[in-house]
Amino acid sequence: MAKNLKKGKKVFNKSTRKINRLKEEEELAKLQERINNYDPKTDEASVSQFSDLPITENTLKGLKEATFVSLTDIQKKTIPIALKGEDLMGTARTGSGKTLAFLIPVIESLIRNKITEYDGLAALIVSPTRELAVQIFEVLTKIGKYNTFSAGLVTGGKDVQFEKERVSRMNILVGTPGRISQHLNEAVGMETSNLQVLVLDEADRCLDMGFKKQIDNILGHLPTTRQTLLFSATQSESVNDLARLSLTNPNKIGVSSDQEVSATPESLEQYYVKVPLDEKLDVLWSFIKSHLKSKILVFFSSSKQVQYTYETFRTLQPGISLMKLYGRHKQTSRLETTMKFSQAQHACLFATDIVARGLDFPAIDWVVQVDCPEDAATYVHRVGRSARFGRKGKSLLMLLPSEEEGMLKRLKIHKIEPKLMNIKQKSKKSIRPQLQSLCFKDPVMKNLGQRAFIAYFKSVHIQKDKDVFKVEELPAESYAASLGLPGAPKIKIKGGESNKEKKNASRKLIALAKTDADGEVQTGNEKVRTKYDRMFERKNQTILSDHYLNMTGNKVNSDGESEDEDFMTVKRKDHELKEEELPDLTIPVSKRQAKKALSRKATLASKGNPTKLKFDDDGVAHAIYELEDEDDFIKAGDAKKQKEEFVNKERETMKISDITDKEVERQKRQEKKRKRKEIERRMREEEEEDFDNEQTVVTLGAPDLDRDLQYDNGSDVEEPVSKKPKWFEGGDDDKSKNTNDGFVEYDEPETLEDLESLTARLIGN
């Protein structure tokens, strides 16, 4: 008998599911055919919107809801080639839409390969900073909301154990190099054998920030059959080296900086101003006061300068909302600051180069660089925070007189020619007296100023381009006075390990290196000397004093003994000895030693030096290292050709060995993970067994038929069981019974407490 279905309810049977599945396969086959037939030379002109691309309906729907309609130049060139599954190396200006250029191919690749939540990690996106990783993840969730993939974000500053428990169930993983490398090494369930796509965003920045070891570790965990997409705003030798290691026959897309009209957006107005070092804060204060209705991003070279400038300007209150952002901030604070500045209409953000890459802050009016960037590429990325996606923007670069000539030459190579801006003395206001007052009143502010001073000089000292950065020409005393300090602090510059490597080093490993054999942390503090220790170390001021010994003539040596107590004295020294008086040290002391020495000499003389020979196919013996005659060498060919043949032969051998070594290393890592997984499984089983073996002890009270045989009156509310009073307590249920004949009956007391209670009751009665 058929069941009556509610109106509007859909029924899916097996035939309907089969029809839908076949329909999806036909659509994917048509899209794949369009991708294979795509020719960049002829079809690129006809592609102007996302709807013209061979992508699925769900992706188009997500793009439309996120208001992404038109394609940029880099997206036109890269997305169709990336959809074919080929490796790609894309270079374009900042703010040109590189994020969508790799997110769309990632989503489409997983759809065509029919990746589900049970297939594990299929796409990995690596970003240099946490803020950029968060931004990529937000865009991914917007355009991929109609797909059924699981995506995760892993960055520093979060709970590692929480991420480890869930990272194995992710299909798409976005994160920073350090945290991704940690999960690949430690997460037991994280498998990369099914990885389809690897994306390296801002690859040059990943290498510049000291993440080379982490990137190499990530590449070592991934299969070689993957597709790799590498994107950056600038190309460098390190990026090319990384491309050779991780990409296979890559398509290099994007116009190089030599052929471009300019490496910066055309809608960006660029200016520079020549400012002495001791007037930088005055110029910055005057600039902020004259642009209170603007959104300003200010770059410094160190986090200490950001902290000092933020605290002092916040105290002076310029009339605009001030914010700060640098690497040592906690992750929650960094995200909160990023969101506030993005939503603010008029604000000023003091930051380091942590926000110079990839972050899309909407409607930034001015980008001010208080400190000179380390190179032209850093300048391009800094000013790229403004004038994004065709909007207008302005940038201002402060240069010292010693930096002006060298920096402008390096910018001119990249077709960047900022205009000189002159500052009127009337509009410039000095805040040096206010800063001196703050540092005098507040020791914390003075300490911040000293640390900012030292950080700036160190940042200039470590720069590689000595033609631009000349630390010996910096006016230390006048700069310290401009910060409000009474004098220039002493600077200790330590050599050795790179600051970037120190910053990215694991703090757990550093703490572990300071422990002793027992695992306890060693401290550099010496043992505390008490007054009793000093008393026992005190020298006698009478008999053993130096003055007393000099007067009496009894000198004491270092061992505390008097020199007069010696019974032997030296009569002469350094005199010539006769050869007849010297003993013959070569003669053996005993007959056994003499016989042994003679037999060893005889054996060595008869054997000679050992030689090792090798035999050819004809049985002729040859030495291991046999020199070739000049005639035979000439017959073999030209020396250069022989050298090239030898190098090529060794290169092929090294390639084969490299593949073998990588496979062995991968198997070792997999075996380590399997062992760790087995240990965790056994621990869970032992915990379950212990829980099952726990015995529940039930204590039974005295039987009470009246209470046990009570019938339920139908109420759902259970009445609380009243505690039965003891025999010595008062009440109606007291076990004491008063009879009419004047006698009182009590149970026999068993303990001392019962006896004392009985006595108290009798006295009371």
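Placement of Cβ uses the backbone N, Cα and C atoms for every residue, glycine included.
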Swiss-Prot annotation of motif 'Q motif' - which of the ranges 48-76, 164-192, 251-279, 425-453 it falls on: 48-76
Which range of 117-120, 145-148, 201-204, 385-388 is motif 'DEAD box', per Swiss-Prot: 201-204
Remote residues contacting the compositional bias 'Basic and acidic residues' (655-668) - C-beta distance under 8 A, at least 6 residues beyond either end: 220-221
Overall pLDDT of the domain 'Helicase C-terminal' (267-439), taken as the mean: 90
Could you break down the residues of the motif 'Q motif' (48-76) into DSSP helix, strand and coil, giving a count for each? 16 helix, 2 strand, 11 coil
Going by a 10 angstroms cut-off between Cβ atoms, which of the binding-site residues G95, G97 has the sparsest surroundings? G97
Would you kindly list the residues that approach the motif 'Q motif' (48-76) from elsewhere in its chain, counting only those six or more residues past its ends and only Cβ-Cβ distances under 8 Å? 27-28, 31, 34-35, 38, 83, 90, 92, 96-98, 100-101, 104, 107-108, 111, 139, 142-147, 253-254, 389
Around the Cβ of A92 (ATP binding site), how many other Cβ atoms lie within 10 Å? Please give the count over every shown protein chain. 23
Just how many other Cβ atoms lie inside 10 Å of the Cβ on K98 (ATP binding site)? 25
Measuring CB to CB from S96 (ATP binding site), give everything in the same chain under 8 Å that is also at least six residues away in sequence. T72, D73, I74
R93 (ATP binding site) has its Cβ surrounded, within 10 angstroms, by a count of other Cβ atoms equal to 26
